[in-house]
Amino acid sequence: MNKDTIFSAPIEKLGDFTFDESVAEVFPDMIQRSVPGYSNIITAIGMLAQRFVTEGSQVYDLGCSRGAGILSIRRNLQTNQVKIIGVDNSQPMVERCRSHINAYHSEVPVEILCDDIRHIEIKNASMVVLNFTLQFLPRADRLELLTKIYQGLNPNGILVLSEKFTFENQVMNELLIDLHHTFKRANGYSELEVSQKRTALENVMLTDSIETHKDRLKQAGFSQIELWFQCFNFGSMIAVK
């Protein structure tokens, strides 16, 4: 696993964070050291696939990055009669995802598309995953995407929505942000790395509160919604049609 050192030296002109070649190269290390509970979420996505994915249906991983979620799903399926569709708009991520998926033999077909997730038709889906993806979309586009997902899910289909959260109570919000930064420092990131990455992300990752997410999911059509995992200001929700 290549180590993330992208923000380790001072960057004079710090632009917005993008999922480019340099990020794709170190992404597994970056996300493990940056997102508390990430491996637990990936493992649980496989468990949820085992329970919810049905024969003859499709599974979508929207914002699939290098394919960790897809591999977890595929390992846990009860049937081979399923198609998994992964979508990411970063070509470097897609290339590595395809290579990663092809390294493990399976009878389950997987298609990896380089596209904007807002352009993808969702149909005959028993499971859709948005793993730390929605927060990178403009807020104005989020409800439309979730509504499309709801409409494309079969009855009893599941959406897994993992996000970084903001909290309306400012004291708690600052505490959880600080704990997250402590987590990153404990994983070997310097103050400079934490600071520069935060600055690079502030215009492209727009976080919402848990309440906002629940309200939006209800507007999209879901009625069964629950937060099933949280560590500091990161977590994951499930919504069942």
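In case you wondered, yes, glycine gets a Cβ from its N, Cα and C as well.
Remember, predicted model here, so these are calculated numbers, not experimental data.
The S-adenosyl-L-methionine binding site feature in Swiss-Prot is assigned to Tyr38, Gly63, Cys64, Ser65, Asp88, Asn89, Asp116, Ile117, Asn131, Arg198; the stated evidence is sequence analysis. According to its DSSP assignment, Asp116 (S-adenosyl-L-methionine binding site) is coil. With a cut-off of 8 Å between CB atoms and residues at least 6 apart in sequence, the same chain places Asn89 near Asp116 (S-adenosyl-L-methionine binding site), listed in sequence order.
Farthest C-alpha pair in the S-adenosyl-L-methionine-binding residues Tyr38, Gly63, Cys64, Ser65, Asp88, Asn89, Asp116, Ile117, Asn131, Arg198: 25 Å apart. Secondary structure at Cys64 (S-adenosyl-L-methionine binding site), as computed by DSSP, is coil. Packing around Asp88 (S-adenosyl-L-methionine binding site) is summarised by its Cβ count: 27 other Cβ atoms lie within 10 angstroms of its Cβ, all protein chains included. Counting other CB atoms no more than 10 Å from each candidate's CB, the binding-site residues Tyr38, Cys64, Asn131 peak at Cys64.
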